[in-house]
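Worksheet for the structure shown next.
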């Protein structure tokens, strides 16, 4: 089921999410299915449970190709529950980000270029992966949602933050959301 996506300004997006306590429950399974339905319908690269009003540490991400980020490499489809992130170096890179909860805007955000993320899949099996580049950026962006952080809070240079249609006029109109 496609759920409504909360938008910046909704105070629920600023809450810290709670860890998932039980895996393989009908409720968790339904939540994850709804998250994928919602992300796919919105053509997103990822989605965090708080974006649909659920205060649980659940994020999903991944795509083969994403028309909102046409130059981005594929990212493996992942369900990540109760995640932790460990940067593998101090190296950071600026990159453009958008968000389904901040429609029509893009901004440049510094992110760690290489990291290790751990957590669990929907069955409670451990996940332990190394990510770099856009994959690492997506993981950090989605996990920020679990701490009540939206990407504009990380923008450092507001001359590089604005409406997608102005910043990227070459993108078709449907890329602006």
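Any Cβ shown, glycine's included, is placed from N, Cα and C.
Taken from Swiss-Prot, the feature Fe cation binding site covers 99, 141, 145. Under the heading active site, Swiss-Prot lists 142.
Distribution of Swiss-Prot features across the structure.
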residue	record	contacts (Cβ under 8 Å, 6+ apart)
99	Fe cation binding site	8, 105, 141, 150, 151
142	active site	46, 47, 48, 59, 60, 61, 80
145	Fe cation binding site	13, 17, 48, 50, 51, 59, 101
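Using a 10 Å radius centred on the Cβ of residue 141 (Fe cation binding site) and all shown protein chains, the other Cβ atoms total 24.
For the recorded Fe cation site, residues 99, 141, 145 set the reference point as the centre of their Cβ atoms, and the other residues of that chain within 8 Å of it by Cβ are 46, 48, 51, 97, 100, 101, 142, 144, 149, 150, 151.
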